[in-house]
Amino acid sequence: MAEVKPEEISHPPMEQLQGFEYCIDSNPPWGEAIILGFQHYILALGTAVMIPTVLVPMMGGDDGDRVRVVQTLLFVTGINTLLQSLFGTRLPTVIGGSYAFVIPIMAIIQDPSLSGIPDGHERFLETMKAIQGALIVSSSIQIILGYSQLWGIFSSPVGMTPVVALLGFGLFERGFPVVGRCVEIGLPMLILFVVLSQYLKNIQIKEIPILERFSLFICVALVWAYAQILTSGGAYKNSAEVTQNNCRTDRANLISSAPWIKIPYPLQWGAPTFNAGQSFGIVSAVLVSLVESTASYKAAARLASATPPPAHILSRGIGWQGIGILLDGLFGTGTGSTVSVENVGLLGSTRIGSRRVIQISAGFMIFFSMLGEQNMSLLRAKGGGRLLTPLHFILSVAGKFGALFASIPFTIFAAVYCVLFGLVAAVGLSFLQFTNMNSMRNLFIVGVSIFLGLSVPEYFFRYTMAAHRGPAHTKAGWFNDYINTIFSSPPTVGLMVAVFLDNTLEVKQAGMDRGMPWWQRFRTFKGDSRNEEFYRLPFNLNRFFPPA
């Protein structure tokens, strides 16, 4: 038997992923780019609908209030995505609503001064204004940390691996447990998405791998139509309420409640109110968002076939993300923002890491959420009571069209999450190729960080479900929010454990094993010549804001 050569059994580390036809600074043809951008828009709807669906009824709002919050969240998501892709990290990332803010926001909702308001709509408005004030104050944390360049990951590939991996692994509760709530819809969606995007990905039409690039759009359309048939056919007529809520296509009540035209605008709910304790609670979610976004930027850079973002670029992105949370507070989205993990995963599924695609998706978000009665009245006034037919058609259907897509059962999104979150987790594990995984030190750090990153938040989740309050329940509400929020985030727990172990355990002796020779040159903008291509500001703005 012939001797096996070393190069035949080993794979050299690769700084950029291969097989991407369009990377961060290359663009598909406009037709493809528009469809790909629409896919990202559809995917972003899951979080944009789910968070208001949970929070708005608790705040006392009705279906109309919920629709306005969904529209506002999508509108601000579009703005933040454009700002981040143009002036922030410049990575192809969607900046959407964050679940990290749910715990401290629920604490604001349960505040006796707000929960005791008898009128539901008034309680909704006062609670929203309190949330706005807390977001506005807490946004300063990310703005200061970003633009002062105080935020930098003092770690190695070994330390970052658990953080990025937990970004995907830590979201397992939003995957198959949600699919299981309506298996007859969720399981076909999961199987169909895997088959089309992976097994049939080489099928081409006019040299375009249609099924690989547009599998999300195709699968959602097919399974959504299937779910509509089941709903119309009475398949759930005698089912339990929870089954109907997760399976039926007519339970969202977003289409009938959607105003034909409505433009979100700052302070639309009224002047924000400010409370020190509530603001301190939201700060904990801002810190969690900071960690999760940092991990997402690392994953997005890899899935966009770019080099890891230098510390200066990362800080610039965090600063703009702080401005994004400020916009959340001004417009009243009901939650803060972070990088959308599912949209990062879609970059890998489609193998398209183009920045332009994400900017197009931001355009869809803004367009489908900015229409309102005022526009119709204005158009009639300018046209002497007559509307131009094409413009009238576009404006009259777009609001309802956006609400129509927003009524997709969340089970369909959860099935896609099973694939996309797994992809992001695998990207985190790919950083291990730059390290020595025959080192017991590295095995210890990675294993313990990932395990505790999953186990600690699971303890906090189970405790909260059983006791209806978090493990931290002292008389200081802001302290409770800090502890319960931070330790409910797998990437945050993983970061604390991994960074501590990686920077205290045999540091001097393990420089090579940690992968520092590879990591070091990507810490500064001028450390690698490709950074200029990937991360330079548009419109020649680097002349005024030179990179560090």
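If you go along the chain as it appears here, the first residue is 1 and each next one adds 1.
Just so it is clear, glycine is given a Cβ too, placed from its N, Cα and C backbone atoms.
What you see is a predicted model, and the numbers here were worked out from it, not measured in a lab.
These features come from TrEMBL:
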- 38-57: transmembrane segment (TRANSMEM)
- 93-109: transmembrane segment (TRANSMEM)
- 174-196: transmembrane segment (TRANSMEM)
- 208-227: transmembrane segment (TRANSMEM)
- 387-406: transmembrane segment (TRANSMEM)
- 412-431: transmembrane segment (TRANSMEM)
- 443-462: transmembrane segment (TRANSMEM)
- 482-501: transmembrane segment (TRANSMEM)
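Here the transmembrane segment (412-431) sits against the transmembrane segment (38-57); at least 3 CB pairs are under 8 Å, leaving out pairs fewer than 6 apart in sequence. Below 8 angstroms of C-beta separation, residues 211-212, 215-216, 218-220, 222-223, 226-227, 230, 242-243, 246-247, 409-412, 414-419, 421 of the same chain, each at least six residues beyond the ends of the transmembrane segment (174-196), sit close to that stretch. Residues 65-66, 69-70, 73-74, 77, 94, 96-97, 99, 102, 105-106, 109, 124, 214, 216-217, 220, 252, 254, 334-335, 340, 342-343, 346, 350, 357-358, 360-361, 364-365, 368, 405-406, 408, 410, 413, 416-417, 420 of the same chain sit 6 or more residues outside the transmembrane segment (38-57) yet have a Cβ under 8 Å from a Cβ within it. Using a Cβ-Cβ cut-off under 8 Å and counting only residues 6 or more beyond its ends in the same chain, the transmembrane segment (208-227) has close neighbours at 32, 35-36, 38-39, 42-43, 185, 188-189, 192-193, 196-197, 200-202, 247-249, 346, 349-352, 408-409, 412, 415-416.
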